[in-house]
Amino acid sequence: MPEARIGRNLRLLGAFWFLRDFQLWIPVWIVYLTIERGFSFTQIAAAESLYLVGVLALEVPTGAIADRFGRRVSLGLGAISLASSVTIFAFTTSPVVLFASFAWWAVATTLMSGADMALLYDTLKAGGQEHTYERAAGRGQAVSWAGVGLATLFGGPVAAVLDTRATILIGAATCLAAAAVAFALWEPPRATAAHEGGVRGYLLTIGRAFREAWRVRAIRYVLLLFGVAVAGIETVHYLVQPFLVENGVEVGAAFSLLQVPLFAAGMAGALVAGRVERLAGPTGGLLGLGAVGAVLLGLLAARPSLWLYGALPALMALNSCAYPLMTGAINRQVGSERRATVLSIGSMSLSIAMAVLAPGIGFAVDTWGVGAAFGLGAAAAAAGVLAFGGPALAAWRSRAPDGGLAAEPGAAGGP
């Protein structure tokens, strides 16, 4: 019976990730806001900053919800919230509506962030397969990228046949389907902290997670390296469409087709995460990804032309490879009673860096063009590698066996 439940959970998680990320509006959303709705890129970046601030504020509280009330409940509520925020987005008519959509989007994102990877790890652990986590997480990321890639392939043509708003409303429907899948998941057994009830227990979960993330050096520096270096690489997500528009590519089939290889590269990057972890370890892998990303972003900053289009899929591959490495490192150092909460702190570290970068990216695109924005991304990736790469490697190599540091009473900081 456990084996059957484990296999079913893995299949359902794959379906959840695919449906959540199969959003037909992906290849046209910036065009929708700028051309059809008349927003400037600076306004879009301001909305994105609001979203990131919301994520920053909510990541850990919603992660604690997943730890205390169940990962599948958190995933289901997150998918429903995403459907509603996407629906609001479809009827954006003013900056106020746009900001409301992005603010509610932050709630949806944080309810799902961390909960999915914690559920995956606990599912594997229930069958004694936790050593395969990076490979399984990479496959899950690849399924997500497959959803994004197919949506990108069909989004442009569907928008041309129907309209852009139709692609957004279809995306809301697939989010509701993802919610139904989430509620069908099996919740694996997990450790629960003793004598922690109600609001006090909820707040204690959050406090212990923060103390654990800070006091355990092998966790702290992985989170810092991931947050800053990967934030620089992640700027590529915001700059692909402006890059194509600036290079004279019109919205339509070609506009979508030029984005499909990027998401195929994202799939490939996720699939090799397990191999990267075996070769370099999670910290060495993140360090290498950050260094290569800084170089590629620097090249695009120097010459943002279609001749360097190949750097874009490479950056997508680096970005998708990073998340399984970070979550694998955390999962092995944290107990299941706080796993989703600490994973949410990892996502929060990325959100902090992106909240700082996003306004500058928007201003740079509007004022100087995409080259300057790529330069900001390169600077962030390089700063993360230089500031945290060495300490992260040293801390990871000196850690206790998996779970050892996190299990120490002083490390957890509990009462």
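Each residue, glycine too, has its Cβ placed from N, Cα and C.
Feature annotations, reproduced from TrEMBL:
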| type | residues | note |
| --- | --- | --- |
| TRANSMEM | 12-35 | transmembrane segment |
| TRANSMEM | 41-61 | transmembrane segment |
| TRANSMEM | 73-91 | transmembrane segment |
| TRANSMEM | 97-121 | transmembrane segment |
| TRANSMEM | 142-162 | transmembrane segment |
| TRANSMEM | 168-186 | transmembrane segment |
| TRANSMEM | 218-240 | transmembrane segment |
| TRANSMEM | 252-273 | transmembrane segment |
| TRANSMEM | 285-302 | transmembrane segment |
| TRANSMEM | 308-330 | transmembrane segment |
| TRANSMEM | 342-362 | transmembrane segment |
| TRANSMEM | 368-389 | transmembrane segment |
Thinking of Cβ pairs under 8 Å, which stretch from 12-35, 41-61, 73-91, 218-240, 252-273 has the most of them with the transmembrane segment (168-186)? 73-91
So if I exclude everything within five residues of the ends of the transmembrane segment (218-240), which remaining residues of that chain have a CB under 8 angstroms from its CBs? That is, six or more out. 45, 48, 212, 259, 262, 282-283, 286-287, 289-290, 293-294, 297, 312, 315-316, 318-319, 322, 325-326, 329-330, 333-334, 342, 345-346, 348-350, 352-354, 357-358, 361, 365, 370, 373-374, 376-385, 387-389, 391-392, 395-396, 398-399, 405-406
Between the transmembrane segment (252-273) and the stretches 41-61, 97-121, 142-162, 308-330, 368-389, work out which stretch tops the count of Cβ pairs under 8 Å. 142-162
Paired segments the transmembrane segment (285-302) and the transmembrane segment (368-389) in contact, 3+ CB pairs under 8 A: yes
For the transmembrane segment (142-162), name the stretch out of 12-35, 41-61, 97-121, 308-330, 342-362 with the most CB-CB pairs under 8 Å. 12-35
Pairs of Cβ atoms less than 8 Å apart decide it: which stretch in 41-61, 73-91, 97-121, 342-362 has the most with the transmembrane segment (308-330)? 342-362
